[in-house]
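J.: Supplied in structure tokens, the structure appears directly below.
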Amino acid sequence: MQSLLLLATLLGSALGGAIPSQSANYNGYKVMRVSGDDTSKISHIVSKLGLETWKFPKAANANVDIVVPPKKVAEFEKMSHAAGLKKQVMHENLGDSIKSEMSFRPYSYGGANDTWFQSYHKYEDHLKFMQDFQSAHSQNSEIVTSGKSHEGRDITGVHVWGSGEKGSKPAVVFHGTVHAREWITTMTVEYILAQLFDDKEAGAALLEKFDFYIFPIANPDGFVFTTESDRMWRKNREQNEGGCYGTDLNRNWPYKWEGDGSTTDPCSETYRGPSPGSAPETKASTSFIKGLADGAGVKMFVDWHSYSQLFMTPYGYSCSARAPNDDVLQEMASSFADAVKAVHGTSFTTGPICNTIYQANGNSVDWIVDEIKGETAFAAELRDTGMYGFVLPPEQIIPSGEETWAGVKAMFSKLK
């Protein structure tokens, strides 16, 4: 258990907080997937070499995904061989993988069609997409902002509804790109937005019951930073003491803020911030959602992340606590996973956050359930479990959207 907690502490500590003097260069970096029956050996290598981890294990023999700089490859190979670890290469050259992924197509709106979903896009183009999408559905949508980011950007979303007065039905809130490098969530959340209108039967039925508030990029500063400076950036862009930057926005929500599922190290990727709800982005989100709760109420909240193919229920702060309606939540999560698998064969694991991925205090899902009494709340980890991790090829955007939309529809079918 101690070794797992050490790995959680080490997650991204080497590269997670310092601001680079120029754009981060990942040429020659390898991403290695390792596993072994003694996780303390992996912890030792990560600590000794000061390596970044993308993913750490819940149990012995589970995978750890490690980023290895060119100058440390030889020593990593030597130490991992001596430790008897199993190894696979995820990215032979991370820099090349990023270059391929960042082949952004010029923006030309023609509706939320396959062309848009065939590549990733810059922040400004996402804003144009949302504006154009709203204009195309002007009778049943509006642009909304939950507030301002640390650097002054609007946290922009689209509010869509069916017949009747806007805001009159219970709210469904979807957040994407809370962690800046998780680009597949941006595109998948936008795919869901599009399907609410393009899937004429199912989308219309949902809009008759709920008002949807879709925020594809809940961390705009961090997302811009990933497109301009460091593709692997996770946090927001607040400056911390000691020259490190960023708060983990999914450890900063003002509920069960302190605990083993985050850290006080301002250079760590799981830095929870100086106080509960301190980040401007968190303040904006909590204030906006409280307003919805005080109105027609919050029926569902989903925080979309990547990667690992998980669909999770409360809680993150505790591995023993369960939501009052846990049986309903588990049934909904299972229906999501079953529907996803039926589309492209993609397997999702379900269960409470703490038991399924790791302990995470100060997260959005726990806050939604216990602080504003949202009826249902989930955390998703989208594709993949294969060799790509955060740098998922754009060819997987549409399949991810297709299967996720199927899962969303199935989940709503279980909602009373």
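Cβ atoms here come from the backbone N, Cα and C positions, even for glycine.
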J.: May I ask you to find which of ARG105, ARG153, ARG234 Swiss-Prot records for the substrate site already listed with HIS179, ALA180, ARG181, GLU182, ASN250, ARG251, SER306, TYR307?
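T.: Substrate site check in Swiss-Prot: besides HIS179, ALA180, ARG181, GLU182, ASN250, ARG251, SER306, TYR307, the record includes ARG234 out of ARG105, ARG153, ARG234.
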J.: Which one is it, CYS244, CYS319, that Swiss-Prot ties to CYS267 with a disulfide?
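T.: According to Swiss-Prot, the disulfide partner of CYS267 among CYS244, CYS319 is CYS244.
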J.: State the count of C-beta atoms found within 10 angstroms of the C-beta of CYS244 (disulfide bond), not counting that atom itself.
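T.: Total other Cβ atoms inside 10 Å, all chains included: 18.
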J.: Where DSSP helix means H, G or I and strand means E or B, what are the helix, strand and coil counts for the region 'Disordered' (263-283)?
T.: 4 helix, 2 strand, 15 coil
